[in-house]
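Lifted from TrEMBL, the feature list:
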BINDING   H8  heme b binding site
BINDING   T9, D53, T56, D61  Ca(2+) binding site
DISULFID  C15-C40  disulfide bond
DOMAIN    1-119  domain 'Plant heme peroxidase family profile'
Amino acid sequence: MTALSGAHTIGQARCATFRDRIYNDTNVDAKFAALRKQTCPQTGGDATLAPIDVSTPTWFDTTYFENLANKQGLFHSDQELYNGGSQDVMVRVYMRNPDIFAADFAKAMGKMGSLMPSA
């Protein structure tokens with residue numbers, strides 16, 4: 001799951017999907033939250049977009065994992081991957097070893113692609 005979450009290295013998200021994180025979570029970098037608050041007010045602006053990966057939003061790379069280590073995950077669920085739990089180690093491995101991340105991501109995508117939908 002940690003490898004698959006690395007897909008969040010590209011793309012954008014609507015303000016409504018991350019508002020609670022930037023206004024209420026305690027494990028968020030203050031400067032990062034302030035940056036996102038500039039375009040995502042506490043009320044309204046639900047459709048306003050922000051890059052999921054603040055550093056390299058259009059590159060498929062491991063910067064997403066560095067963002068997590070710096071408490072700059074846009075989604076609460078992403079930041080939980082690096083929050084003093086069992087996946088902290090994998091986040092550090094992926095941020096330092098792009099080849100390992102790429103191999104694990106490809107393997108995980110292959111597994112996910114072979115899943116059959118349930119009835």
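From the backbone N, Cα and C atoms, a Cβ is placed for every residue, glycine too.
TrEMBL entries are annotated by machine, without manual review.
Not measured: the values here are computed from a predicted model.
What TrEMBL annotates, mapped onto the structure for a quick look.
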residue	record	Cβ neighbours (10 Å)
H8	heme b binding site	21
T9	Ca(2+) binding site	23
C15	disulfide bond	19
C40	disulfide bond	24
D53	Ca(2+) binding site	25
T56	Ca(2+) binding site	16
D61	Ca(2+) binding site	18
| task | Using T56 (Ca(2+) binding site) as the reference point, find which of the recorded positions H8, C15, C40 has the shortest Cα-to-Cα distance to it. | result | H8
| remark: Taking only the CA atoms, the spacing between T9 (Ca(2+) binding site) and C15 (disulfide bond), expressed in whole angstrom, is 17
| When you average the Cβ positions of T9, D53, T56, D61 for the Ca(2+) site, which other residues in that chain have a Cβ within 8 Å of that mean position? | I10, S55, P57, T58, W59, F60, T62, T63, Y64
| Per-state residue totals over the domain 'Plant heme peroxidase family profile' (1-119) - DSSP helix, strand, coil | 65 helix, 6 strand, 48 coil
| Taking each of C15, C40, D53 in turn, which of these recorded positions have a Cα lying within 10 angstroms of the Cα of H8 (heme b binding site)? | D53
